[in-house]
Amino acid sequence: MAEENILTPGGHHIEDGIVRLQLAEDAMDICRSMSLWPMTFGLACCAIEMMACGMARFDMARFGAEVFRPSARQADLMIVAGTVTKKMAPAVVRLYEQMPAPKWVLALGNCAISGGPFKFKNQYGIIEGVDKLIPVDVFVPGCPPRPEALLEGLFEIQKKVSGKRWWPVAESLEKENA
């Protein structure tokens, strides 16, 4: 049987089967990053902005997040938007545990990140950030964050999944980071 000539994107010759397996995994990561299946956990105002991302003006489908999934068992991205209460905490954890691996979490808005304006001294009913319950991959601040910010968070999830940013950075963000 003749040895196949397989080259990496850098032009290197591949002979080892483990390296070939890694290339297949890299290809799967690219596919995963461009076909995220988000499940929304919309609890407050941020959910309205999240719905706007699914409409024609912003259209998340262009960037690989097609339809919001109704079940955690069908999703690989959980978007938590709004204040999480202590009574709601077991449901958030249960939904996260039901998601198949690999899975990612995006915290949308100040309420999901830190409790938001509902966090008072000696407040007993508010979880001060969903990251106290489940691991969060990307935080999108704002009250409520604009749909563009949610799309930027989606791009960061895609970057975490595939290791590469597929969409250009907005000019205003480039100026802020410079």
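Cβ coordinates come from backbone N, Cα and C, glycine included.
Residues or ranges marked as domain 'NADH:ubiquinone oxidoreductase-like 20kDa subunit' by TrEMBL: 45-156. Annotation comment: TrEMBL describes Cys45, Cys46, Cys111, Cys143 as [4Fe-4S] cluster binding site.
Distribution of TrEMBL features across the structure.
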residue: Cys45; record: [4Fe-4S] cluster binding site; CB count, 10 Å: 17
residue: Cys46; record: [4Fe-4S] cluster binding site; CB count, 10 Å: 29
residue: Cys111; record: [4Fe-4S] cluster binding site; CB count, 10 Å: 28
residue: Cys143; record: [4Fe-4S] cluster binding site; CB count, 10 Å: 13
Within the predicted model, mean pLDDT of the domain 'NADH:ubiquinone oxidoreductase-like 20kDa subunit' (45-156): 87
Helix, strand and coil counts within the domain 'NADH:ubiquinone oxidoreductase-like 20kDa subunit' (45-156) (DSSP): 46 helix, 17 strand, 49 coil
Output field, [4Fe-4S] cluster shell: CB within 8 Å of site CB centroid, site Cys45, Cys46, Cys111, Cys143 dropped: Ala44, Glu49, Ala81, Gly82, Thr83, Leu108, Gly109, Asn110, Ala112, Gly116, Gly142, Pro144, Pro145
